[in-house]
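In what follows, a single structure is set out as C-alpha cells and then discussed.
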Amino acid sequence: MASKDSQMSPRLDRRKSSTPHYQTFPTPPPKSRGRPPVSPTSSNSCPDGSSNPPNHNGGDDEHQSSPLPTRQLAVLAVIALAEQTALNSISPYLPEMTSTFPEVDVQSLGLYVGIIGSSFALAQFATNFFWGWCSDRVGRKPVVMLGTILTAACFVAFGFCRTLWQAVLVQAFMGLVNGNQGVVSTCLGEITDRSNQSKAFVYLPVIYGIGGITGPALGGLLVKHGALYPYLLPNIFSAAILVVDLVITGIFLEESLEQAKELPPLQKRAGNMFSWIWQFIGGSHRPTYLNRRLPRHSRVDGRMDEPSDDSASDAGSENHSLLSIPELFPRNHNHLGKEILNRNTILLLGTYLVFQLSNISFNNLYPIFASSPAPTGRQLKTEEIGLSLSFAGIITIVFQVGIFGKLKEKMGNKATYRAGLFLFFVSMMLMPWVGYRDSPAPFGWGSGVVWLWLELGFVLLLKTVAAVGGLTSALLLITNSAPNHSVLGTLNGLAQTLSAAGRAIGPFVSGGLFSISTQVRPKGEALAWGVFGGIAFLGWLASYGIRGEELEGDDWEGSESPEEEDDDDVEQDAGINRRR
C-alpha cells in the first residue's frame, strides 16, 4: 500500500528542498540503554536519499511555512542589485554614445544601438548554458565570483570605447563571462522550499526594480559631456560597485549546492574551471571536464573501488561528445533529461523566450523612440529618459511589495505569468499613440507636455507590472518544474540561454525596424511596436498550454479546473507506466 501511495504522487515528491526541516523527537525517546529504536523516517526515504518525516501535528509538512534564510537572501540581494545597477546604467546614454562613433550613420542609429545590445545577449546565448552546467559541477559560489570580477573589468574597458567595433567587442565579452542571473535564481531555489519560495522570489524583481532606479540615474547623471572620455565615469562607478559585490560574495555567500560537500576546496575548483575553459577553447582531445566522478558508494576508506567493465565502457563512450545527456546531468540517470523536457517545460521555456524577447525589445525601443526626433520619436533628453526609467523602477518596488504577493496568492503562478505576457502586448500597442510636446491638450485641460508624461507614465506602468510580475512567476515555474536540485542549475542555465536568444534577437530586430519606421508615414513608429506586441500576444496564447498543480506554491488559494486535473492524471499515469 505504501508503494502504491508513493507512486501516485511522484511529481510532487520528485524535487525535495535542500533547506533542512527540523522536527523534535520523531520517535519516542529511549527509556533504557541499548540500541536506539529505528526512526520511522527511514521507511519514508525518497529516491534521492532525502527523508520526509511524518508530521505529528496533524498536518502536512509541505504546507508548513519554513523560516526564510534571511542572511543568504541578503547576500543574493546584494549580488543582484550590484549587477542590475551596473547593467542598467548603460541604457540612458547608449544611443548618444553610439551617435559619437565615426562609423555610425545617425539616420540608422537604432540599428547600431541594436547591434551593440545584441552582441551582449548573443554572447550570453553561447555561454549561459555552460555557466549553469558548470555551477552544477564546481558549485555556485566560484561561478558567481568569476562572473562578477570579469564583468567589472569589461565595464572599465567599455568606458574607453571610441569606435563601434570596440563597443561591440567589449559587450560581447561581457556577455560571455556573465551568467550570474541564472545562478542567483538557482541559489534561491536551493535555499527555499515550496512553503516559503514565493516570499523569496517576490523580492528578486524588487531588487531588479531598485537597480532600474539606481542604474539609469547613475548612467544619465554621471556622463561628462566635453571630456575626452565622457562615458568613462559611470562605467568606473559600475565597476567599483561590482568589486564591492565581489568582496561581499567571497566573505558571506555560502555554497548552496548539496553535492559541494564532496567537491574539492574553492581554490581548486576555481582552478579546475579555468582549465576546463582553456581545454574547451583549445579543442582538447581528452578534456578533463568529461571525466565522471564515481558515485559516493564507491569511495571506501579514502580510496576508489576498481571500475567494472560496464563503467569502463561508459567512460569510453562519454568521451565521444561533450553534449551527451549523462554529462550534462552529472550523477543522474539517463531518463532525467526526458523528465525535464516534457510538455510543460517545453512550453514554459518557449514562452519564457517570448517573454524576454518582449521585455528586451521594449527596453531597447523605448530610449530610441524617446530620444528620436519627431514625428517618429518624442525628442526627450537623456536626463528625462533616465528619470522616466527610474519612475518605472519605483513602480516596480511598490507593486512587488504591496500588491503582487497577495495577487499571486489569488491567481497562482501560471495566471500571473499569463497576465504578464498580455500586459506586454497592451503596453506595446499603446506606446505609438503617446502624444508630442506640442500636441493639443485633450479636452482643453493642461498642455501637451503634461499629457505626454501622463501617457508615458501609464504605458511604463503597464510594462513594469508585466515585467516584474511575469518574471517572478516565470522563475517560480522554472524552479518548480525541476525534478530535483542536482539539475536545477542546468535547467536555469537552459532557461537563461533561451532568454539570451530573445535578448540577442530583440535589440537587433527592434533597432532595425525602428530605423525602417523613420521612412514610413504616417505613424511609422507603430511598425516596430506592433510587431513585438503581436509576438507577445502569441506567447500569451501559448502560455495556456502550461498546466499542472505541482507548478504552484503552497500559498496558492485556487485549484486546477476539472479538465486540467484530468489531463494531469492521464499524464501522471502514463509516466508511471513508462517507469514500470
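Using the three backbone atoms N, Cα and C, a Cβ is placed for every residue, glycine included.
What TrEMBL records for this protein:
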REGION    1-67  region 'Disordered'
COMPBIAS  41-55  compositional bias 'Polar residues'
DOMAIN    72-551  domain 'Major facilitator superfamily (MFS) profile'
TRANSMEM  111-131  transmembrane segment
TRANSMEM  143-165  transmembrane segment
TRANSMEM  200-223  transmembrane segment
TRANSMEM  235-253  transmembrane segment
REGION    299-318  region 'Disordered'
TRANSMEM  346-365  transmembrane segment
TRANSMEM  385-405  transmembrane segment
TRANSMEM  417-436  transmembrane segment
TRANSMEM  456-478  transmembrane segment
TRANSMEM  526-546  transmembrane segment
REGION    552-580  region 'Disordered'
COMPBIAS  552-572  compositional bias 'Acidic residues'
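Between the transmembrane segment (200-223) and the stretches 111-131, 385-405, 456-478, it is 385-405 that has the most C-beta pairs under 8 angstroms. Spatially, the transmembrane segment (235-253) is not adjacent to the transmembrane segment (385-405); fewer than three Cβ-Cβ distances between them are under 8 Å for residues at least 6 apart in sequence. Sequence-distant neighbours of the transmembrane segment (111-131) (same chain, 6+ residues past either end, Cβ-Cβ under 8 Å): 94-95, 98, 101, 104-105, 143, 147, 164, 167-169, 171-180, 182-183, 360, 364, 367-368, 490, 493-494, 496-497, 499-512, 515.
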